[in-house]
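Chemist: TrEMBL lists Asp12, His14, Asp77, His265 with the feature Zn(2+) 1 binding site. What TrEMBL lists as Zn(2+) 2 binding site is Asp77, Asn118, His222, His263. Residues or ranges marked as domain 'Calcineurin-like phosphoesterase' in TrEMBL: 7-266. Residues or ranges marked as domain 'Sphingomyelin phosphodiesterase C-terminal' in TrEMBL: 278-419.
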Amino acid sequence: MHISGQFWHVSDLHLDPTYHITPDRTKVCSSSKGANASNPGPFGDFLCDSPYQLILSAFTFMKDSRQQASFMIWTGDSPPHVPVKELSTKLVINIIGNMSSTIQSFFPDLQVFPALGNHDYWPQDQLPVTTSEVYNAVADFWKPWLTDEAISTFRKGGFYTQLFESSVGSQPLRIISLNTNLYYSPNSVTVNITDPANQLAWLEGILEASSQKQEKVYIIGHVPVGYLPYARNTTAIREYYNERLVKIFRKYSSVIAGQFFGHTHRDSIMVLLDEEEKPVNSLFVAPAVTPVKNVWQMESNNPGVRFYQYDLDYSLLDLWQFYLDLRDANKKNESDWKLEYILTKAYGIEDLKPESLYEMAKQLSVPHSKLFEQYYNNFIVSYDKTIVCEEGCKTCQICAMQYLDYSSYTDCINQEAMWR
């Protein structure tokens, strides 16, 4: 195992500028939408989006950890979860600008590859298929990180591609930052459009060129492909687009060395299988920095950030997940970010290549698997050890982990009775 580089992944910062401690629990943050904050402290609350102090503590931890990072990926969602009328285009632009400059001030020399999230627009989810005020403003914020070519593509549709210039590998690494929000079910702008902003055709073109040039590719985006691990028969993006993306990713799986998403606020993995059920791609969904949940949800997540290690050919070797125990941090009035797990050690696998993740998925699917209990605890970022995921809950997790297209996923769900 030869670690030739490493990179950070942060997602779903969801800053709530209204967060403040006040005796009236309904007024702590707009993001609680009138509900009582449960136990608000300096670093936030499980019914609120992130106070600025939480976001600062995450970046302070990353900076102080002294990890040698080659770059960072940042997969979107800066504004808070609040009713549409409480935000505006101007506010959304300001918040994305604030988060972008915060990252720049902490890591002035670090190459950052960002992606847009469904909340990085106003009204939320309605990301357009042509240039817009938000795309233009964000392009300006991201100029320190992106090439002119990437910026001009981004202005048109909120996506881009860029080579990562590394001194280590002889092989070039290409980052493709997708605007998967165009495929997100609540986006009414793209209903009935076969290829919104021509992103799919563009993606195929880039991947085809990359395979000719012998590049390796990391795909980054906000809303993931595949099925949601916590909802039965539900893809995160519209089914039609999911089928198309899975097809493209299978076709170019030898070029793609990893895929990285956010959006769900949870920590999960997926293994893309080809038509013969051979594992061909590793996909990772990173948990959020925001600890927010809805009143009716049983579980949330502790804030998390993560770190990947890669080999000379950019294949993934390991993942270090860090988290902040929010209750503890609020109680002690100090943030002590800790290592939650190292993926290969936690699951006894060799690396993060598709074969290894597939082997891991098979171990997790065994009935009463202790490893699966561990996986579920990591899924909610150690939010609550007493929450169990059994039967139907586990079926959803196990099927989503291995089956990303409609027919194989449906088969898996229908077979659950056999292996439960």
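Using N, Cα and C of the backbone, Cβ positions are placed for all residues, glycine too.
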Chemist: Under a criterion of Cβ-Cβ distance under 8 Å and sequence separation of at least 6, what residues of the same chain contact His265 (Zn(2+) 1 binding site)?
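Modeler: His265 (Zn(2+) 1 binding site) has long-range Cβ partners Asp12, Pro287, Ala288, Thr290, Val292, Ser300, Asn301.
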Chemist: Could you pull the average pLDDT for the domain 'Sphingomyelin phosphodiesterase C-terminal' (278-419)?
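Modeler: Here the predicted model's pLDDT, averaged over the domain 'Sphingomyelin phosphodiesterase C-terminal' (278-419), is 96.
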Chemist: Just to be sure I understand the packing, how many Cβ atoms besides its own are within 10 Å of the Cβ of Asp12 (Zn(2+) 1 binding site)?
Modeler: 27
Chemist: Based on DSSP, tally up the residues of the domain 'Sphingomyelin phosphodiesterase C-terminal' (278-419) by helix, strand and coil.
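Modeler: In the domain 'Sphingomyelin phosphodiesterase C-terminal' (278-419), the DSSP-based counts are 58 helix, 27 strand, 57 coil.
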Chemist: Which residues, sitting 6 or more apart from His222 (Zn(2+) 2 binding site) on the same chain, put a CB under 8 Å from its CB?
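Modeler: Set apart from His222 (Zn(2+) 2 binding site) by at least 6 residues yet with Cβ under 8 Å, we have Ser11, Thr75, Gly76, Asp77, Ala115, Leu116, Gly117, Asn118, Thr180, Asn181, Phe261, Gly262, His263.
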Chemist: Can you list, in sequence order, the residues of the same chain other than Asp12, His14, Asp77, His265 whose CB lies within 8 Å of the CB centroid of the Zn(2+) 1 site?
Modeler: Ser11, Leu13, Asp49, Gly76, Gly117, His119, Gly262, His263, Ala288, Val289, Thr290, Val292
Chemist: Do you know which of the binding-site residues His14, Asp77 has the most other C-beta atoms within 10 angstroms of its C-beta?
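Modeler: The largest 10 Å Cβ neighbour count belongs to Asp77.
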Chemist: Cβ within 8 Å of the Zn(2+) 2 site centroid (Asp77, Asn118, His222, His263 excluded): which residues?
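Modeler: Apart from Asp77, Asn118, His222, His263, the close residues are Ser11, Asp12, Thr75, Gly76, Leu116, Gly117, His119, Asp120, Asn181, Tyr184, Val223, Gly262.
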Chemist: Which site among Asn118, His263 has the most other CB atoms no more than 10 Å from its CB, taking these as binding-site residues?
Modeler: His263
